[in-house]
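If you check TrEMBL, you get these features:
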- 15-117: domain 'Receptor ligand binding region' (DOMAIN)
- 1-19: signal peptide (SIGNAL)
Amino acid sequence: TGLYWFVLVCTGAGGLCIAQSIKIPREPRPGEFTKVIGRLMETSTARGVVLFANEDDIRANLSGHFSWVGSDSWGAKMAPVQGLEEAARGAITILPKRASVPGFDEYFTSRSLENNRRNLWFHEFWEDDFNCRL
């Protein structure tokens, strides 16, 4: 995962200390983010937080205390920080360069259930895209 490689590179390079590594549950319970922020506050000298999270998982209420570095899941979107603008002030987000593959869009949009049986995942995509059950 992204977090694993990030920790590996940071500790190997010697220029960055990882004070804590906290996992945010996929479906957090009420109060979970408050608990995570509390754990982050336990390391009084830590001021930077690198966040690998889905855009729906972003919650923060410590404006000015931490500097946030966000992953590509929310780096190019406004919705994750709406209402949290003060906490997000000065945040850095990472968005890898994206490039389209020539011919892929034409190929993919020409696929159907009849001509794409070799891709086992395609029926799941089809159900989601067309909101149906096969």
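Cβ coordinates come from backbone N, Cα and C, glycine included.
Residue counts for the domain 'Receptor ligand binding region' (15-117) under DSSP (helix as H, G, I; strand as E, B; rest coil) come to 26 helix, 10 strand, 67 coil. Over the domain 'Receptor ligand binding region' (15-117) the predicted model carries a mean pLDDT of 77.
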